[in-house]
Amino acid sequence: MSTTLKFTVLLLALGFCQGLQHNYDNYIEEEEGVEPVSQASKYGSLWPLPQKVQTSEVSLKLSGFSFKIVDAKGSSAGPSCSLLQNAYRSSLLFLSPSPLTELQVWITSPDSECDGFPSVTSDESCESVNDFQELHLINYDVCFYFSLFPWFLGLETFSQLVYEDEYGAKSINSTAISDFPRFAHRGILLDTSRHFLPIKVILANLETMAMNKFNVFHWHIVDDQSFPYLSRTFPQLSQQGSYHPYTHVYTPADVKMVIEFARLRGIRVIPEFDTPGHTQSWGKGQPDLLTPCYSGAEPSGSFGPVNPILNTTYDFMKQFFMEVSSVFPDAYVHLGGDEVDFTCWKSNPDIKKFMDQQGFGQDYSKLESFYIQKLLDIVTTTKKGYMIWQEVFDNGVKLKPDTVVHVWIGGGSNEEMGKVTAAGYTTILSAPWYLDYISYGQDWQRYYKVEPLNFNGTEAQKKLVIGGEACLWGEYVDGTNLTPRLWPRASAVAERLWSAKEVTDINDAFNRLSMHRCRMVERGIPAEPLFSSYCPREYKGV
């Protein structure tokens with residue numbers, strides 16, 4: 001669809017929230033230096049920074065309670081589009097009050113797609129129009145020109161442009177903005193297996209993702225530790241494999257809620273069901289799915305990865321992924337494929353016999369590839385594309401041309417990115433953005449300095465890198481500490497994936513991010529501080 005987003009916005013005037021302030025060398029262009037300098041940015045608190053910002057000294061005061069967001073004449077979406085109406089109500093919580101009487105939203109796409117879902121091909125670009133006569137500034141009206149799915153991004157930008165003086169009066173400065181994301185895939189991975197995350201926590205972080213212009217929620221929903229996904233087809237998986245079959249599961253209604261909440265914010269939900277490893281919780285509810293391990297000639301009583309030699313394994317996978325494809329509307333599902341321990345397979349006499357029959361010798365990576373290939377064929381029949389961790393590519397599995405390879409190993413190595421893109425596969429990067437690794441100090445700088453395309457390759461190869469994800473694995477986080485550990489550290493990744501490559505000024509980033517962090521705090525997000533500082537409106541707790 002044609003989804004050019006046109007809008008004119010009013011720039012946030014200068015201001016500043018008072019305060020001072022793996023090895024990634026091949027991705028980072030410079031080493032961490034001295035503490036950032038505390039001074040106001042000419043871009044106010046815009047985060048992530050738009051591609052082009054042209055500031056004016058023309059200022060308008062905002063006061064009263066008459067401000068409203070309306071559909072402009074000629075817009076292809078009107079009052080019947082609940083997607084937009086919900087966004088208007090949500091944004092007014094942050095924008096009101098104001099004598100700037102209206103914010104007019106004009107959808108230019110011929111197909112409003114109010115009931116549709118964002119996709120990897122959704123155009124999030126925008127073009128400003130700086131015509132005072134057209135904008136009716138005499139009447140204090142402002143026009144936005146939107147396509148469908150960038151609408152929330154534009155409203156978020158607008159909300160960031162309102163500033164407040166010492167007396168609490170709100171103002172805006174006239175500015176033209178031309179904007180588009182540098183990368184199409186900007187994701188956050190959350191792990192709901194190591195610790196169960198309440199739905200309220202997931203929704204709050206989806207809201208915060210939208211504030212930071214992330215557009216993909218990578219839901220690592222199950223793993224060894226627990227299976228909280230309540231399957232309609234195989235309910236015993238969560239009954240036996242979750243921490244608790246009633247209190248620690250995601251029901252079909254829960255999953256639907258998450259998907260819809262994300263859709264209303266232009267966020268895709270990509271589920272990950274990782275096999276053949278990371279599947280201990282699967283085996284509790286599905287007999288004979290996992291491989292029996294042996295100690296000498298006798299079973300040890302423990303189990304290893306999915307058993308790849310049984311036909312029943314593939315019958316199960318076919319039914320299960322048929323359900324997954326119907327529940328999750330995104331065009332892609334993440335199939336994992338990482339960290340497969342071959343120890344159990346090597347101990348099992350039936351597996352050894354199968355290896356001999358197939359001519360695999362002692363190369364158990366060939367057995368893994370055998371399983372993965374059959375799984376990929378199954379998922380292909382569901383009309384879904386698939387994402388896989390890099391080991392699947394490394395092991396030489398035959399992949400469809402549209403496979404997305406997820407690079408996570410070797411934070412300081414660019415070799416894998418070069419290999420994957422040289423083979424012609426679409427790629428996303430996470431290796432330098434594992435946020436579960438905590439270090440003392442301002443580690444957000446390390447994430448901010450990453451350059452995703454800093455690897456040896458042609459321009460054609462680099463065009464295959466569609467973005468990246470910040471990953472927060474769940475071994476040490478749950479609902480009590482996930483949000484402050486994630487934000488604003490993930491915000492650094494957000495700007496790197498959205499803004500121009502040349503946006504690398506750490507001092508400017510520090511000052512804008514400090515204000516952006518305070519904005520998140522004001523909106524009820526317990527984002528941790530960057531350094532010694534204060535916010536005009538501190539977090540008041542739950």
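Along the chain as shown, the residues are counted starting at 1.
Using N, Cα and C of the backbone, Cβ positions are placed for all residues, glycine too.
Take the candidates Cys293, Cys471; TrEMBL pairs Cys344 in a disulfide bond with Cys293. Out of Cys471, Cys518, the record in TrEMBL bonds Cys535 through a disulfide to Cys518.
A sphere of 10 angstroms centred on the C-beta of Cys344 (disulfide bond) encloses 19 other C-beta atoms. Here the Cα atom of Cys293 (disulfide bond) is found 56 Å from that of Cys535 (disulfide bond).
Straight-line distance linking the Cα atoms of Cys344 (disulfide bond) and Cys518 (disulfide bond), rounded to a whole number, equals 50 Å. Annotation for the disulfide-bonded residues Cys518, Cys535: lowest Cβ count within 10 Å of the residue's own Cβ, Cys535. When the Cα atoms are compared, Cys518 (disulfide bond) and Glu339 (active site, proton donor) turn out to be 39 Å apart.
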